[in-house]
Amino acid sequence: MGGRRRLAASLLRFSPIQSQSHHVPWIRLHPGQCWAPYSSSSVSPSAQTQLPKPTPRPETPSTITINGKTYPTDAWFNVPSNVLASTNRRLHLQKDHPVSITRQILESVFPRPTFRYHNDFDPVVSTYENFDSLGFPPDHPGRSRSDTYYINRETLLRTHTSAHEAALFSASASDGYLISADVYRRDEVDRSHYPVFHQMEGARVWDRTKVPNGDIAAAVYADLARLPTHNVKVEDPNPPSHPERNPLQSAHHSPAEAEAIAAHLKRSLELMVVEIFTRAKAAAAKQDPNYVDEPLRVRWVEAYFPFTSPSWEMEVYYAGDWLEVLGCGVSKQELFINAGVPSQLGWAFGIGLDRIAMLLFQIPDIRLFWSRDERFLGQFAGVSDNLDLLKRFVPFSKYPACYKDVSFWLRATSAAGGNTGTANAHDFHENDVMEIIRNIAGDVVEDVRLTDQFTHPKTGRRSMCYRINYRSLEKTLTNAEANELHGRVIAALVDRLGVEIR
């Protein structure tokens, strides 16, 4: 049946698979790759004894200006310059950009006036909006500086579009809404992750005081009857709710109400994926005359999300694989109560625009979305005005990879480094490594992978080995260029994390 690939954006982090082997002193090379002499740093031995002078640590400014608004900073500030520079790009609104085209396609399934589109929300929000209003506990890992970009203790770059949910519920300006926006998270470095990406969130609400006789279930089913139908095979083997796996909000919703809302939600989202994948198939057939179409299949899987219950993930069988496309559910009633509209109830969903655009256009590397190269952008000219012109991306180059390894001991004074005492604020976190590498090498880094970790049996100290793939989207990197970048990365790791290079 094929494996499952994740496409839905998630608030949770997943730890990388970690090897239990010992460090390997040589790297297997492939044609066209740069030479990497040995694992401890992949630079010459003389360079290890005299590391390049580290890039000076940027001093925290007392204020920072983002999109014309100035904010005070404090000790929580951790937004690097490359991320700040992205806050005004707004790819989801850039005409003929794949992310923007994908937004247009999804919006077409949720028509006005029932739905209102919100595409201009500012990326700077409060911790209350991003976390507290949605019920995140104080110790949730998403609140940590290792996961989130903070301007100050109370202000941050939103990590999800849900940061605007309470305000929209409170305003009650429409029966439904879609939010499309850039969101920010510190994360791993690879071809499908970037510190800035784009989400769409949608919601539909009904009000007990406004539907006939206060009968929510009847009103929802009447709206469901007005939705289009489709002929896609849908697998939905689970009950509408389950007391343990997928509980009903029994204090607020009757089983009939929750079942009606779930039915409306699922039909709406099924229509959305039919639109997406019908266009994806048309683009594939246009490019490949031998393309063999296969019937689209959808299945619903029980899930957990902080803002909904019961909740589901939608998976689509496409091109021989089950793809997890989105997450959704019946909105938690506490959100409406906290927003001052306790008589409302409804559903919500969230979907990653970048991941869907990568699938729709067959774009292999998320870094391409941020390219200003006309060889990339020119391929989509005119599509915003005529979605029928949509076609798959045609790669214009494939420059060779250049692998470099870096191995280091963590500081013995940290819990991560082997100290069994209480962890402190300076403990090692993998996202700190990713952030340093990305901030120095930028989009020249394609991916960073943990290839090995080792704990010394006597001292308890921990050693890590990361493999960095330097590959430019625009030219072939020379070994000298890669070594220069790699040397600066190593020096920064020593300077900012206090690691000891092996």
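For all residues, glycine too, the Cβ spot is worked out from N, Cα and C.
The domain 'Aminoacyl-transfer RNA synthetases class-II family profile' annotation in TrEMBL covers 123-395. The feature domain 'FDX-ACB' is assigned by TrEMBL to 397-502. If you look up TrEMBL, you'll see 40-66, 230-253 marked as region 'Disordered'.
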| Which whole number is the mean pLDDT over the domain 'FDX-ACB' (397-502)? | 85
| said: Counting only residues 6 or more past its boundaries, what in the same chain has a CB within less than 8 Å of a CB in the region 'Disordered' (230-253)? | reply: 259, 261-262, 266, 270-271, 274, 295-300, 302-303, 309-312, 330, 332-333, 345
| said: Summarise the region 'Disordered' (230-253) as counts of helix, strand and coil residues per DSSP. | reply: 0 helix, 5 strand, 19 coil
| DSSP helix, strand and coil counts for the domain 'FDX-ACB' (397-502)? | 34 helix, 30 strand, 42 coil
